[in-house]
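Chemist: For reference, the structure I am asking about is given below.
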Amino acid sequence: MFAFFNKNDPADNTDVQLDPERIPAHVAIIMDGNGRWAKARHLPRVAGHKEGMNTVKKITIAASDLGVKVLTLYAFSTENWKRPTDEVNYLMQLPVSFFDTFVPDLIKNNVRVQVMGYVDHLPEATQKAVQNAIADTKDCDGMVLNFALNYGSRAEIVTGVQKIAQQVQDGQLAVGDIDDATIDAALMTAPLAPYNDPDLLIRTSGEERISNFLMWQIAYSELVFTDVKWPDFTAATLQACIADFQSRDRRFGGLSDHK
């Protein structure tokens, strides 16, 4: 049913046949490899981030065209503040440049912007760019482009537990009534319902770890790791990752239909 190409080879443009009925509703991507991409070309790390921003634009449109409902991109983690100051300052400027140049295309493609993370800790100009993008695309009802910005899964879970504890303390919730749905509603992905949890998680650049990203939400996600660095990631690479996803038998803890 499917024709695959090597998802580790960005130069391989062999067509991939996808089942349009089995496109993952929520795709999450850990965008990794910008710095190594730049280093391999004897460029400063920020050059990799700039090229990575261009990749975000291309993949956003590609995912929307494929019928993805939510595209979540890990843009900046709570741990990324440990990077060199010049690099952090550049990364904080990227959302401003991105939204200034790309919001018209998002509106044209009916894509709505959502941001999760501790946005109030970001520089004022970055916060303003985020707020404007959300406001400008609020009437779009196609794919949601969800940025994880100053986000960390452990911090998210702590914040969610604090919300639930406050509800219990205020008499709004009984301890015995706390269940999966309670936790889902307390997490930063709640506004994405019913697509809170990624169906497919992709990490680029050959690293095979989760890096404090959506740890509650990926309990039953399919994971695809590709050697392709984020600036080299193309629509064809995305299609190959989705083809890999479609080749799998998702069991959600149960038995395979073939056994």
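Using N, Cα and C of the backbone, Cβ positions are placed for all residues, glycine too.
So Swiss-Prot lists the following for this protein:
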- D32: active site (ACT_SITE)
- N80: active site, proton acceptor (ACT_SITE)
- D32, E222: Mg(2+) binding site (BINDING)
- 33-37, R45, H49, 77-79, W81, R83, R203, 209-211: substrate binding site (BINDING)
Chemist: How big is the gap, in Å, between the Cα of W81 (substrate binding site) and that of D32 (active site), rounded to a whole number?
Modeler: 16
Chemist: For H49 (substrate binding site), what is the tally of other C-beta atoms lying within 10 angstroms of its C-beta?
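Modeler: I get 21 for this one.
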Chemist: Which residues, sitting 6 or more apart from G33 (substrate binding site) on the same chain, put a CB under 8 Å from its CB?
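Modeler: Expected: G48, T204, S205, G206, V228, K229, W230, P231, D232.
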Chemist: Which entry in the list of recorded positions, D32, E222, has its Cβ near the fewest other Cβ atoms, using 10 Å as the limit?
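Modeler: Among the recorded positions D32, E222, the sparsest Cβ neighbourhood within 10 Å belongs to E222.
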Chemist: So which one is it: of the recorded positions G35, T78, N80, W81, which has the fewest other Cβ atoms within 10 Å?
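Modeler: Sparsest of the recorded positions G35, T78, N80, W81 by Cβ contacts within 10 Å: W81.
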Chemist: Quick one: pull the CA-CA distance for W37 (substrate binding site) versus E222 (Mg(2+) binding site), whole Å only.
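Modeler: Distance (Cα to Cα, whole Å): 26 Å.
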